[in-house]
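Annotated in TrEMBL:
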| type | residues | note |
| --- | --- | --- |
| DNA_BIND | 23-42 | DNA-binding region |
| DOMAIN | 71-262 | domain 'BPL/LPL catalytic' |
| BINDING | Q118, R122, G123, R124, K189 | biotin binding site |
Amino acid sequence: MNTAITNKLAERLIKAQGEPVSGQQLADEFGVSRTAIWKHIKELAEQGYGIESIKKKGYYLTSAPDTLDATAIGAGLHTKKLGQTIHYVESCPSTQIIAHQLAQEGTPDGTIVLTEEQTAGRGRLARKWDSAAKKGIWMSVVLRPDVVPQKAPQFTLVAAVAVVRAIEEVTGLKPEIKWPNDILIKGKKSTGILTELQSDADGIQALIIGIGLNVNQSLQDFPEELQDIATSLSIESGKLVNRQELVRALLSHLEIYTDLYIETGFGMLKILWESYSSTIGKTVRARMAKETLTGIAEGITEDGVLQLRTADGKLHGIYSADIEMTN
Ligand code: BT5
């Protein structure tokens, strides 16, 4: 069986959006016999595609398997760059590791790495990221922007705006951003973002933006220590969410906002980011490696630095910290 044709057939039926396509038409398009088409259809059904047929009209798709492979994501993706190269594996230690390696090997700008399950998903400072099989979006994006390394940290904030917009669009939920990299829903963490850099004397070679988005977990799917602080889109919306649609929405928004940032700077994104922020205007505790400061988060600078005013009236620039709300 020619798997390339099976995959193309899946893509063709997904793009037909439930409209029947006749066996003869498919046979003509793919340059094979109708019997061959029928065999590929049987193969797709075995892979988990729901396919029905109506006499004289043809085959149509009733459901696609819940996977994040290149065929499933590519069908209906309307980006120019992001996700045009998709590297998919069913399971891996961390998509960040694969993305770093691909970046070093010269993979194009906009390459994404997707998996169903991470066995050693990571957060900042070597923390663990829980990545249950088929329950979330565990994705790394390789970007090769022509910007100076000082402009790299803002990509985390830009990605946060894109994630919020995608969640809003697909689920109607109203997430908030906790500086710098958490997306919260009703105060619980639904998404974490990790931006890593490959640079040399010539500047940025690649930015690797890792996004971990909890989609269809129930509370029991999280390890006990996370059950009070983590949430998923399905817990919050009361519905299962289509991960494929969400990945496509994420890629579209990421493309729009990263391009906007690269082309026009941080100004407009700063306004958007602040409008989604749960941190600004609140009294917060910022835990840093060497000290902890408590004060009012007044805003972020053009460089994405958090401005914290302590009780003595001093304004501090916070570059990296864990933020806790004090009330
Ligand atoms: C982050 O770190 O929030 C960044 C997470 C990035 C994960 C993505 S998944 C795709 C790509 N591949 C990777 O290996 N990583 C990226 P940080 O701010 O350090 O938060 C980590 C903390 O969040 C942990 O110490 C836990 O307390 C909590 N946590 C772990 N797993 C979680 C989950 N699934 N949902 C909510 N909170 C979680």
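The backbone N, Cα and C atoms fix where each Cβ goes, and this holds for glycine too.
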Comparing local Cβ density (other Cβ atoms within 10 Å) for the binding-site residues R122, R124, K189 points to R122
The predicted model's mean pLDDT over the DNA-binding region (23-42) is 96
Residues near G123 (biotin binding site) by Cβ (under 8 Å) yet at least 6 apart in sequence within the same chain, in sequence order, are W129, G192, L194, G212
Around the Cβ of Q118 (biotin binding site), other Cβ atoms within 10 Å, all chains included, total 25
Per DSSP, the DNA-binding region (23-42) contains 17 helix, 0 strand, 3 coil
